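Novice: Before I ask anything, let me first share the structure, which is written out below as structure tokens.
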Amino acid sequence: MVDNTSIATKSALQAAFSSASSLPLLVSSPGAHGQSGGGGGMKLEAVMENLQRQQAARLALEEKLRQAEKEKDIRSMVESQIQQQALAFRHYQAAVRGAFAAGVPNSSSGHPLERRAESDIDDEDDEDDDPELDRGMDDEERDMDEDDSMNEGGGDEDLEGPLAHYPPRHAVYPGAGQSPKSTPIHLSRVQPPYPAPRQAESPSALAPQAQSQHHEWTYEEQFKQLYELDDDEKRKEFLDDLFSFMQKRGTPVNRIPIMAKQVLDLYTLYKLVTEKGGLVEVINKKIWREITKGLNLPTSITSAAFTLRTQYMKYLYPYECEKRGLSSPGELQAAIDSNRREGRRQSYGSTLFNYSPVGTPTLLASPKLQMPHISMPTPNGGHMTQTPGIKKEDSMLSSCLTNRVGIPMSLAGHHSAAQAAAAAAVQAAALEQLREKLESGEPPEKKVMLMAEEQQRIMQHALQQNLFAMATQLPMNIKLNNRDDRQETALNLSTNGISSINMSIEINGVVYTGVLFARKPAIGFMPSSQRVHHQHSSQGKSNSPGLSSHIQPSSSASSSASSHGPATSP
């Protein structure tokens with residue numbers, strides 16, 4: 001066809017040139033033969049019309065030639081691409097068959113691999129929309145996959161599920177990603193959330209692999225199990241809505257939580273919690289055990305409440321706030337903080353005022369309020385001073401609180417340890433209460449006054465309780481009273497930090513009387529010199545050892561008594 005058109009074009013061009021060359025002859029002929037001017041004009045017009053027709057025919061032929069050449073180039077390009085696609089597809093099929101025959105290692109099961117290999121062809125339209133997946137493929141391979149997807153047909157139906165908008169997960173299968181000619185073939189494709197089951201080529205060969213790796217669920221299998229846990233019609237609707245909401249929120253669900261070796265039923269968890277009034281109500285009422293039973297989880301799971309609360313906050317609580325509005329994030333944080341403080345108060349209350357004859361060598365302290373250690377006098381007159389360490393948000397409170405209250409007694413070693421443990425427990429509880437009061441936002445001046453009063457009251461109460469506890473455990477006769485004619489000054493507490501306590505203790509017939517004066521804390525938390533007034537009266541000769549007590553809170557005093565007369569505490 002091309003040859004015929006070229007020959008016709010050449011003949012037309014020759015005819016046009018010959019007619020053009022004969023034009024001067026025709027023009028000059030009228031003068032030579034003596035014809036009239038009118039006849040010469042008509043011939044000239046006829047020649048011009050003939051030339052115009054020939055030129056139009058020549059242009060039309062040239063246009064046809066150009067179109068024919070374009071069609072020929074396109075046809076040859078398409079034929080070459082089809083041949084390349086067919087060759088690459090044969091290599092691809094050979095690689096897949098070789099992978100199945102050899103048994104692909106590191107794959108969860110045979111069925112997901114086959115589904116991925118088939119969906120690599122069916123879902124190529126989605127792959128063209130993703131620039132990251134196209135990065136490793138050239139134009140010819142993309143054309144090949146597009147052509148194959150047209151031949152297969154119906155490939156997009158698998159992606160019409162509720163989770164088609166989620167980003168794909170890339171899985172690499174070693175040994176199945178290269179053809180026999182080392183042509184890179186990409187097998188990492190996203191599988192639909194719950195695709196229709198397909199029959200494997202050799203189920204008997206793939207069954208052992210599926211059984212050996214039964215517990216290693218893939219991302220798609222987890223979603224499929226979540227949708228197929230029961231036949232509730234609202235389950236699919238809820239899960240579709242939940243995943244769409246999380247995707248729009250910018251926090252897509254990329255994995256399903258596993259609890260007790262099974263997929264956590266998000267639908268049932270949400271339904272149980274919202275029926276109880278929402279997450280905040282469940283936390284405040286502490287009914288996580290009912291939620292655990294409703295989910296058919298074993299009750300022996302450790303920290304099940306914490307795990308369920310964490311997973312609910314991550315996957316379901318934003319959806320609850322959006323759809324139901326049962327609580328706000330501020331209320332949730334307040335409920336969590338309240339639950340945490342309650343747990344600490346219970347642990348403190350269990351050890352408060354408990355006396356143990358053995359005691360513990362270490363002293364308890366508040367976990368969140370760490371204050372400096374005090375200097376303790378030793379029997380040989382030396383001092384053991386520990387480096388102060390303060391860790392508190394409010395710096396002005398550092399000079400008003402202490403970390404430990406030591407009451408070393410010369411009766412026995414375990415007596416002093418028990419006294420110290422009980423006093424430390426008392427102070428830990430007091431410091432926890434003070435911390436909660438301080439967090440309520442009171443002025444700094446009022447905080448200091450409240451702490452001074454609280455410390456003085458706690459220390460006197462701790463002394464009395466500890467001595468009574470020893471009296472119940474040991475065969476001693478102890479009397480504790482306030483001997484002072486002025487009853488109003490027996491316990492003098494004031495808000496300016498100045499106070500005094502008159503104490504009288506009788507142990508095994510020996511009476512120890514003293515006045516505890518308040519003093520202001522030193523700058524470096526070192527004990528300052530203080531005089532202590534005391535009286536000593538004995539009924540008969542007694543060689544019982546003296547009782548020396550050293551109490552050093554922030555607004556308390558130090559006192560020591562012995563059988564030799566007045567003494568000054570270091």
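Going from the start of the chain as shown, residues are counted 1 onward.
The backbone N, Cα and C atoms fix where each Cβ goes, glycine too.
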Novice: Going by Swiss-Prot alone, which of S179, S328 is annotated as phosphoserine?
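Specialist: S179, according to Swiss-Prot.
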Novice: Annotation phosphoserine per Swiss-Prot: which of the candidates S202, S356 has it?
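Specialist: Per Swiss-Prot, phosphoserine applies to S356.
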Novice: According to Swiss-Prot, which listed range is region 'Homodimerization': 55-75, 391-411, 475-495?
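Specialist: Spelled out, Swiss-Prot records region 'Homodimerization' over residues 475-495, not the other listed ranges.
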